Each structure stands twice: as C-alpha cells, then as structure tokens.
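Residues or ranges marked as transmembrane segment in TrEMBL: 12-32, 61-82, 103-124, 130-148, 177-202, 208-228, 235-256, 327-346, 366-388.
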C-alpha cells in the first residue's frame, strides 16, 4: 500500500511540473504582451513590429511564446510515439523525468521562437487557429465526460448503488442534497446571468444579434434539460444544469468580447476590472483543462466505463496505451495554440487591440459557435442512446 501511495505521489508530481510550466508560459505571455514593446528592437526578427500595426509587438510576443511551447510539446509527443512500457526508458526518462534537461530545453524553444522570421510566425498563427479549435473540441469532450462521471458517482452514493457498494444513512442523504443543491445553483445562476445579459447587451429591440444569441442559448438549454428528465436517460438535472451554466458563461463571454457599439457598453474601469478578473479565471481554467484533458485519452474511446479522467487507474496503467503519452503532449501543444488565440482574440497582427484582452468579432463568433456546439453535443449524448439502443454511447 505504501508503494502504491508513493507511485501516486510521483505520478502527480511530474504532471504538476508540466502544468506549472504551462501556467508560467501563460503568465509570461500576459505580462510581456504589454511590456516588451520598448525592447522589441533588440530582437532582429521583431524589428519594426511597432510600425506594422499599433499592437504588432503584442501579437508577436504572444505568437512566439506559444510557438516555443508548441515546439517543446510536439517534440516530446513525437518522441513518445508507441511508448507502451511505463517503466521503459522513454516513459521513465523522457516523459516523466529528466527535468534538469527539459526545463532548459523548454526555455530554449521559447527563445528560439523569437529568432524566426515574421513570415514564419504568420504561418504558424494560421496553424494555431486550427489547433486552438481542436483544443476546444477536446475540452468539450472532457467536460462532458467529467460531468457524467461526477453525476454517476454522486447518484450511485445517493441511491446506494455506486460502483463501490454505495453508502447508507446520512451519507446517501448528503449526496442527494449535494446533487439537488448543485442543480439549483447552476440553474439559478444561469437565470440571473441571462437577465444580466439582456439588460447589458440587449438594451433595445434593435440589438437583434445579441437577442438571438441569448434566446437560442436559453431555448437549447430548455430542450436538453427537458430531455434529461426522462427516466430512461443516463443524465439528470445536475448534468443539464452544469451544461446550462457552461453555455451561459460562453454566451456572456462572447457578448463581452464584442467591439464597442450601440449594443455594447462603453469600456470603463469597472469593465476593465471585470475583464481582467474573467481573464485570470480563463487562464487558470485553461491550464487545469489542459492537464485534465492530457490525462484523459480514454474519454475519446466512447466504449463505456471510465469517465473523464480515466477512473481510478494509476499513472502507470494509463500510460500503457501506446499513444497515451503522445496524446498528453498533443493536448498541451493545442492548449498552447489556444492560449495565443486567447491573448490576441483570434485576430491577425494589424487587428489586435493593445488595450483589450480576448476581444473582437472573431473571438465573439468562436465562443458563440463553441457554446452552441456544446449544447448540441450534450443533447446528442442524451438522445443517441434512445435512437440507437443497441449501441454503446457511454462516455
């Protein structure tokens, strides 16, 4: 038992190092985004970035830090292809160890990214758009898998039919209360947020676009919430409430990213504080999502059993899959691409606004599509087992 606990601690330690390094690159991108312009001329590849656009240096630094991280994770991912044995050299040294070498290599990748020509950085930006979209898809699947996993565990303990034998007495009542309270919080919070969105971003009937986006989000939530109440559906109001809150958040974030206009409030200090707070939350969620997704390749098998994080398997058992380690690094690579889009609002160099974070019509449209896709995919997980009862759609 002691050996198992020790292995679990080591497993969490190396994963935590990847997460910490990724989080530090996000902070570096944010801090250098507005502070590098004065010394940009020192770097040959970034000379003239101030002349090419009023926010060109911001675009350059974010893109290049992202590129350095992508190169680091892609290199490790390729090196780990087919590495099945958790005690083999590649798993033990390249994947989990040798941090004395990987940390300088990561830093060198970022430094070298500042030396590449601007034309190559522009090509990478277009590739990063695709990779960022892939990360959003991965994040969505992991979110659904995690919600189903939590719902199954709590419901099993509340009813006494959990995989661990369930509980009894007060423990069952506590989990039942937790499910009900969480569902109420999700729906009540979403209801308040919808009212806030109508008041802030749809103050007049002429704001047809904003009204349509908010209304469709509500209607979609009402549909999958109603379907989830059917007795023969695996989900319930907890999962539907969580998805409603998530889709509502994406809708609000999308509207907040709109450029200033008649249907968008003027950018004030209060709005700036709210934006920075939301951006910090987004960075933390991005880092945690990358770590969670990188540890959850089982979620894409859709063959039952498992949940979002691979259940209770140990790190060694997870890494026995021939592509598990490569998938881990692929997720962090796509997350690095998404971080670049997050900082520049999915826009090209000349369009970046140096005074705002994650703003612009491109960012707005991406979030709207992601919100609608999230709701529709969740709805599909509810109706697919009913339409095809002989197939296994377990996540």
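Any Cβ shown, glycine's included, is placed from N, Cα and C.
Against the transmembrane segment (130-148), stretch 327-346 shows more Cβ pairs under 8 Å than any other of 61-82, 103-124, 235-256, 327-346, 366-388. In terms of C-beta pairs under 8 Å, the stretch of 103-124, 177-202, 235-256, 327-346 lying closest in packing to the transmembrane segment (366-388) is 235-256. Counted over residue pairs 6 or more apart, the CB atoms of the transmembrane segment (235-256) and the transmembrane segment (177-202) come under 8 Å in at least three pairs, which marks the two as touching.
Packing against the transmembrane segment (61-82) from elsewhere in the chain are residues 22, 25, 28-29, 32-33, 36, 40, 46, 90-91, 94-95, 102, 105-106, 109-114, 116, 121, 124-125, 128, 131, 322-323, 325-330, 332-333, 336-337, 339-340, 343-344: each is 6 or more residues past its ends and has a CB under 8 Å from a CB in it.
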